[in-house]
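Per TrEMBL, these features apply:
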type	residues	note
DOMAIN	113-187	domain 'Cation-transporting P-type ATPase N-terminal'
TRANSMEM	170-189	transmembrane segment
TRANSMEM	195-215	transmembrane segment
TRANSMEM	352-374	transmembrane segment
TRANSMEM	394-423	transmembrane segment
TRANSMEM	786-806	transmembrane segment
TRANSMEM	812-830	transmembrane segment
TRANSMEM	926-951	transmembrane segment
TRANSMEM	957-977	transmembrane segment
Amino acid sequence: MEKLLEEKFDLEHKHPSQEALRRWRSAVSLVRNRHRRFRYTANLDKRSEAEQARRKIQEKLRVALYVQKAALQFIDAGNRVEYKLSQEVREADFGIDPNELASIVHGHDSRRLKFHGEVEGIARKVQVSLTDGVYLTDLPRRQKIYGFNQYVEKPPKSFWIFVWEALQDLTLIILIVCAVISIGVGIATKGWPEGIYDGLGIVLSIFLVVMVTSISDYKQSLQFRELDKEKKKIFVQVTRDGCRQKVLIYDLVVGDIVHLSIGDKVPADGIFISGYSLLIDESSLSGESEPVNISEENPFLLSGTKVQDGNGIMLVTSVGMRTEWGRLMETLNEGGEDETPLQVKLNGVATIIGKIGLTFAVLTFVVLVARFLVDKALQNKFLQWSLSDAMKLLNYFSIAVTIIVVAVPEGLPLAVTLSLAFAMKKLMNDRALVRHLSACETMGSATCICTDKTGTLTTNHMVVNKIWICEEIKNTSSEVVKGTDGKNTILGTPTESALLEFGLLLGGDFDGQRQKSNIVKVEPFNSVRKKMSVLVTLPTGGFRAFCKGAPEIILGMCSKVIGSHGELVYLTETWIENVMNIINGFASEALRTLCLAFKDIDDSFNNDNIPGDGYTLVAILGIKDPLRPGVKDAVEACLAAGITIRMVTGDNIYTAKAIAKECGILTDDGLAIEGPDFSSKSPEEMKKLIPKLQVMARSLPLDKHTLVKQLKDLREVVAVTGDGSNDGPALRAADIGLAMGIAGTEVAKENADVVIMDDNFTTIVNVVKWGRAVYINIQKFVQFQLTVNVVALVINFVSACISGSAPLTAVQLLWVNMIMDTLGALALATEPPNDMLMKRPTVGRGISFITRTMWRNIIGQSIYQLIILLTLQFYGKELLRLSGSDATSVLNTFLFNSFVFCQVFNEINSRDMENINVFRGMFNSWVFIVVMFCTIVFQILMVEFLGTFASTVPLSWQLWLFSILIGSISMVFAVIIKQIPVEPARNTTNSQHYYGYVALPTGPELA
């Protein structure tokens, strides 16, 4: 089985190839209900159509955006569309038509923009102030005329659609036909109402199966819909009512003043108002990789594009479906999400078992019919046929079809979806938003986590702790803005906020300083430059450049330093050595170090670029960012689980080492290295370093990407955190990309698989725990379902061969199918994680899903149940001392009851595949308790009150106790089975981790 699963049903964790996706689909040959089986798999045909539509839109945009302006002007001269204001627009006091406003940005129509008076003229015509923004009372009027910032989406499926899809099951359709024929034949032979009971029992059972299945599937869809809404929640910074505030992207209206910074996604079409070095990546729309410089000369911003560098302010001109991004999103909604590796693997398991089940069903039917015909021939009645004979053959056929219902485990792949949906909902409550289904599953197999320091391991609340200074600090890009409550608020990165807070504490006047000088140019901080520069005019004439950033970068730009008496001193080798000692001293105390410098420039300066040398060093700052509570325990839990933690940070190596030691990441024999040094090594040298590598400091996004690639080459399952727009490649390359919800940019979140909403490392560990729970829960469910399959198939086949009848009727088999399928999945696939999961070894690449431990339990339980049930089938009357006309009915009912209770207790056994104590944490899973209770109650109803439909008779209390005893003994038998040693499954990569440690112990040590 494993060989076939590896050949046909093996899928990559991320970005699987089209060939792999089509390969496993073609290998699935036996499917009862395609609507249900493939509900949560990607529709490759629709996806292909959507891709073609996307390319057409991109081509159209490429023509509109990149054809020479002269050509466009030539075309426009003869084909310019004239727009007239409608009565509705006039009554709303707006001066420009929505379609005309949209066309200006779509076509980059500079001529029409000038005609309307540039951005100021457009602002007047849409009735908005460029300083105060839109007023809240004005929102309904704008939404009525210019529309909502929402895209067309497919309407969600109603409950009745799920009912209809559940009824598309081929085997259920055949059984419904059989039931209808059975009712017709029954009325003809037995009369009314006795003749309808057998057929009506099947119909009612099918109704129950369909309703339970539909309710379960519908609830899953509601969970996914809720999670989908959370994924699409993007907040943007706007100015409204004269105040800076965050609003949901869907609440944007035409006229809003939006503030953009590095990593943001442009939320609507708009026109540039002001900004510095604004560089836009339009590849998502046009397919062109070259970024576009946005300025007053080229002021057009398109929805869905990304801010690659700089910052700016824009006026929203079009929203929703009036934007090209809106039309593109409509096509991107088609096709669905890629299926997960576990879903594919279980489709393979279901296919293999289904084929075996189909063979048994056909053999059972052939044996039953053959025995029936032989009996007729022996009685010389071969040519004498009656309606009761037809009824028997129909009953045999119904049993065979029902065996297929039980044997083809349609619920296996859907159990993965159920478990993932449950885990994703719980993780959402625990501040982790899973964007892709497969991530939750893959996270449980993570063997390595490459984590950022700032905000993830630390609190991200920075305070200037130490300072080496000669004069007053002046440089920051934070802003003091007025909030909706009228109070002053500091906006900016935590580092800049710390600097500004410190400046205000010294008595600095932020507004006063800003009014004295005008900002000419800004070069924002990014992870490549590792510095931020600003050029301002001086009241006395000339310019001054301020710069802050990483000490080694700023120090290299400086030629002077301010001495103790305020005099300018040349930066000699001695000075540099002293300064470096101060920097390293700060860093060794786990302080983030920062240098501040300035340079005065005369009026003759060409201000296209801010100078990069000749600065004067002003100060060195040591900023404290304390560890988050619980991080040390979380790191210890990961290490105990066999997961290696590596800190990858842009900070000074001394700062990184100090923090890494504090939280338990860096050990005495561990290696700390700077990113550029690591990237300069050859692949062979990297492989030698990686086993000891625990800290990578001063890393660039490219260094992080290189590390991820090398780890994956070593067969690691890698999780990586990232918050910047430049972290996109590393997040995409990792098996699991984790973006920060607070500090992370929209670009980082878009490239991530999981968004950590609170930026907390402890939450990442929680995702690992839930990922492991999903994997283990599905293994439990598969073990339980395969046991039921084996027993149900064998007992019906053996009984058919020996006695010429099947002990379990169609109605009873349908009930068993519901216990092991929908109810079994609910009970076992939704169990919450426990702390013991983090003491298990990681499940690396190449490990068999159905383990030897599972096969031991399946075979052991099947042997016990088959011995007991077959003994009862053939010797039950003597053993139970049954006599009288109803002895056979009582025995069959007792057999059915015992079989069901064997499954009930085996469901409890399956809660833990290795440990003896299967009750640990059982009462923490309310779903499991409810399912157990409902199963037992309905079993009592079937036996005691629904015998007419279920072919059962009421049992005495002694037989009830005996049935329960037979089921409960399976738990004792399970304890014996678990004592049988099982050789651990051989990892196809390596039985020993390449770090040299052996897998953690299993068995009694975990009890």
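Going from the start of the chain as shown, residues are counted 1 onward.
Backbone N, Cα and C atoms are what each Cβ position is placed from, and that goes for glycine too.
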(message) Within this structure, do the transmembrane segment (394-423) and the transmembrane segment (170-189) have 3 or more Cβ pairs under 8 angstroms, counting pairs 6 or more apart in sequence?
(response) yes
(request) Find the average pLDDT over the domain 'Cation-transporting P-type ATPase N-terminal' (113-187) in the predicted model and report it. (result) 86
(message) Are the transmembrane segment (926-951) and the transmembrane segment (195-215) close enough to be called in contact, which here means at least 3 C-beta pairs under 8 A that are separated by 6 or more residues?
(response) yes
(message) Counting Cβ pairs closer than 8 Å, which of 352-374, 394-423, 786-806, 812-830 has the most of them with the transmembrane segment (195-215)?
(response) 812-830
(request) Could you pull out which residues elsewhere in the chain have a CB under 8 Å from any CB of the transmembrane segment (957-977), counting only those six or more residues past its ends? (result) 856-857, 860-861, 864-865, 868, 880, 890, 894, 897-898, 900-906, 908-909, 916, 918
(request) Go through the chain and flag residues at least 6 beyond the ends of the transmembrane segment (812-830) whose CB is under 8 A from any CB in it; none is fine as an answer. (result) 175, 202, 205-206, 208-209, 212-213, 216, 399, 402-403, 405-406, 409-411, 414-416, 418-419, 422, 777-778, 780-781, 784-785, 788-789, 792, 896, 899-900, 903-904, 907, 910-911, 925, 927-928, 931-932, 934-935, 938, 942, 950-952
(message) For a three-state summary based on DSSP, what are the helix, strand and coil counts in the domain 'Cation-transporting P-type ATPase N-terminal' (113-187)?
(response) 48 helix, 3 strand, 24 coil
